[in-house]
Amino acid sequence: MASQASFLSSASSFTTQIISTQKPPFSRHFPQNISCKSNEIDGNNVQQNKSSSGRRDLLITLGGMYGAATSFAVDPRLAIANPIQAPDLSKCSPAEIPEGGTRPNCCPPFNSTIIDFVPPTYGPLRVRPAAHLVDDKYLKKYEKAMQLMRALPADDPRNFMQQATIHCAHCDGALPQIGEPTADPLQVHHSWIFFPWHRLYLYFHERILGKLIGDDSFAIPFWNWDTPDGMVMPAFYNNKSSALYNKNRNPKHQPPVTIDLDGKQNSDIPKYELIEDNLITMYRQMISNGKTAKLFMGEPYRAGDAASPGAGSLENVPHDTVHDWIGNPANNNSEDMGALYSSARDPIFYAHHANVDRLWSVWKTLGGKRRDFKDNDWLDASFLFYDENAQLVKVKVRDCLDSEKLGYKYQDVKNLWLKKRPKPTAASAATNRVSKKKAPKVLGEPVFPITLNKPVSVFVKRPKKGRSQKEKEDEEEVLLVKDIVVSRYEFVKFDVYINSPEEEKLRPSASEFAGCFVNLPHKHVHGKKVEDLKTNLRLGITDLLEDLGAEDDDSVVVTLLPRSGNGDKVKVGGLRIEFSS
C-alpha cells in the first residue's frame, strides 16, 4: 500500500534537525512538533527499480496502457509475470572476487539436458539433527559422506569443490540474467530469493551425501547457534583429521568460545551477558524486525532488476555476522566463511545455513502476518541444481515452501529467544521526558547522501502517532535507511539506534538498538565495471517505540553508528519512516 513517509534526502529541499557527533542532552523522549519537510514524492503502490532493463520498462508501459484502457484499479505492473529465470550455465564466466583472493573457476559443468524437479515420494522424513547433539554413529556417517564427496572426480558436479562453486557463481557475478543483457548478473543474496535458493542448495547437497553412502535417510546437521548450548562452534568441525575440517577459520573463535551473533565488537563481555545478548538479538530479528515477509525475507527481486535491493532481517543478522565470525581475519577477505565467493568451501557453511533454513520454518509458525510471499514473481523464480545422480534439475521457489514436502524436517529444539524481548536501559520515560525548553539545539542541516565515517544523529518525523493496537497489527512502522552505498570489497557494519542517549555504550540487548546493516565482501560484475553495492535497510520499530514509551512522539532521533569497515566508503542517501503490511 502507499507509504506515508517523511523523507530526508539530498534530492529534497527540507527543514530538519541533525545532531552531530557532539552530544546534546538526551532522553528517551524527544520534543514534539519538530519540522521536517520534503518535496520528494514516493506515492506509488509499486516502486519500479530504476536499474531494470528496457524490456521490463516496455512491458510496464504496455501494461499501463492496458490497465488504463480497461479501467483496472490494480496497478498493472502487478499483472506482469517477470520472475528471475534459471540461468544458462553455458553463459557462465569467471567470477569477480574481492581483491587479494585467489580467482577460482566458479562455473559449474555444463549439461544441456535439464529436467523439471519432481518432489520426493519416498519413505519417512529425514530428520536434520542439532549439531551439538549428534552421536558418534551419526558423526562417522557424516564424515564418510563428506570424504566420498571430496574424493569424486574434479569435474563431477557433485564433487565438494564443485558444490562450493555453485554458491560462488550465484553471488559473485558469474551468471548473467536470462533475457536481460544489460541487467546485473544473478545474485541470490540481499533479496527475497535468499531463503528459497539456499534451501534448495542444501537440499541437493544433502541428497548427494546420502546417495554416496547409500543411505536415503541421511540428513545434514544444523548448527543451533540460537540456543545457549549451541552457541559454540561444533567441536567435530575442528578435528584436523576429519573431512569436515577447514583451516581457514578464525583461530580466536574455536571451541569453547561463545559466538557473538551481533558481530565482533561485543565479544569481550562475560559469557552470560553475551548469551543474553544473543537471545535478544534473535528475538529482535525473528519477531520485532520480522513481522512481514518483506521485513523478514527481503526486498522483491525480479528479472531485470538491479541486484541486492535489500536483505531481510535474518539474512542481515545473524546470517552475515556468523559468516564473518567464522572467517579467518588473517586472510585478505576473511576467507573462507567471511567472503561470499569462498564461504561454501567450509563444511560448516551447510550447518550454518541449515539453521537459517530451520528458522524460516519457525518464523512461519509465529503468527501475525509472518507468511510467505504470494507474488507469482517470487513463486515462479527458478534455479538450476545438480541432483544426486549428476542430473541438472530446474526447480522453482513454489517447489520448496514446505520442507516436509522435500522429505525432511528438523529435530525439535527449544527456541528460548521467544521470551527475550529487549528492555530499555535508561530510566523510565515518565521521569525522563524532555520538555521543549530542553530540546537539543539545531547544529546544522544534514546533506544527504552522508558519508558514515562518524556517528550521525538525525530527527526523523513520524507520519502517524498514537496508533491503536489494531492499526499496529495491520501495519508495521518501519524505519527505512535508504540508498546505502558501500564497497563490495570489504566487511561493513553499522548499527542503528533510536532515541538513545549513549548508543556507543549500549549492548545489542537494549531496546534503543533497532538493528544493523552488514555487508560481506564480494564482487558482482559481468563484463563491466565493478560498482559499489547499492541497497536499503528496513527495520521494524513498532515494538521498540512501545518499549521506549515513544508512541505519541511526533519524531524520533535516529543514530547511525559505524562499527566495522572504512566509513569513508559508506554512504547513506536518506532516512524515512513508512508502514508495511
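Heads up, the Cβ atoms here are built off N, Cα and C, so glycines get one too.
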Candidate cysteine (Cys106, Cys107, Cys171) that TrEMBL pairs with Cys168 in a disulfide | Cys106
What are the other residues, in sequence order, whose C-beta lies within 8 angstroms of the center of the C-beta atoms of His167, His189, His198 at the Cu cation A site?
-> His170, Cys171, Val188, Phe194, Trp197, Tyr201, Leu340, Ala344, His353
Who are the chain neighbours of the domain 'Tyrosinase copper-binding' (346-357) in space, where the CB to CB distance is under 8 Å and they lie at least 6 residues beyond its ends?
-> 128, 131, 146, 167, 195, 198-199, 201-202, 205, 220-226, 233-234, 237, 243-246, 248-249, 314-315, 319, 322-323, 326, 336-337, 403, 410
Give the sequence-ordered set of same-chain residues, not counting His319, His323, His353, with Cβ within 8 Å of the centre of the Cβ atoms defining the Cu cation B site.
-> Glu315, Asp320, Val322, Ser343, Phe349, His352, Val356
Give me the mean pLDDT over the domain 'Tyrosinase copper-binding' (189-206), rounded to a whole number.
-> 98
